[in-house]
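Report on the structure given below.
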């Protein structure tokens, strides 16, 4: 059995007595800040690492993904799961549209606008608006080109709506899907490559198409030089958004693969713009058959059309 003196609470000796017994002991005061070694402090503030965090969006990305996972925790077969993809307000959409039209040099579009809350609302309605804009503008352009010709009879081409919808939505979904799969594959080969999620890539492509909406409206002008200048201008703006977004993700890969990836992204983006202009606005004129005018004496007169 322990005695009463042994069970009594004993206070610690003060620091002076402890230091006297052990002069080599190290003391830490809770009021004094803990100093970080210089070599560790320099590693924490490496400029290259800060630049990678800024461009690639790796800073606080784990927290963002965790928060996003908590927000999208509903089962995928429920309406609440898909409702989260459209949970954005007007100010967020407008801010992302402005970011796609006026890209900031050296800034990552995903990190600045998308990563905090990726959405499908903006890309869906941008693609839908672009479909009807191209179809309507293409019909108006064809009407103004043949305006004043007596042999021309205007007939609205509603099939252009379905063709434009198939082309634009296939581009806005299939190309991001292929790019996402490629980045995932390269991420398994090269460990330091940062891959974006499929939803983030869809957002980037969807918002990058907004510049073509006013461009398609201006394509009504029946001047080929003006149309091609507008194509080049729009391609430079939207293409710069794609380059500044995906180049930081592939630049640590093999140099040839990285350059080929960015070049393929720009080539597909240019093919979409040039293809829409060539098919909907600069399509070759079809020969209009000459109308046959019956005459009462049994003969027919074929008028010559130009």
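Note that Cβ sites are derived from N, Cα and C of the backbone, with glycine treated the same way.
Not measured: the values here are computed from a predicted model.
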Original post:
Between 90-112, 228-250, which stretch does TrEMBL give the note transmembrane segment?
Top reply: 228-250
Subject >> Stretch in 120-141, 228-250, 257-281 most in contact with the transmembrane segment (197-222), if contact is a CB pair under 8 A >> reply: 120-141
Subject >> Residue numbers, six or more beyond the limits of the transmembrane segment (120-141), whose CB comes under 8 Å of its CB atoms >> reply: 85-86, 88, 93, 96-97, 156-157, 160-161, 164-165, 168-169, 172, 199, 202-203, 205-207, 209-210, 212-213, 216-217, 219-220, 222, 276, 280-281
Subject >> Within the predicted model, mean pLDDT of the domain 'Yip1' (101-273) >> reply: 88
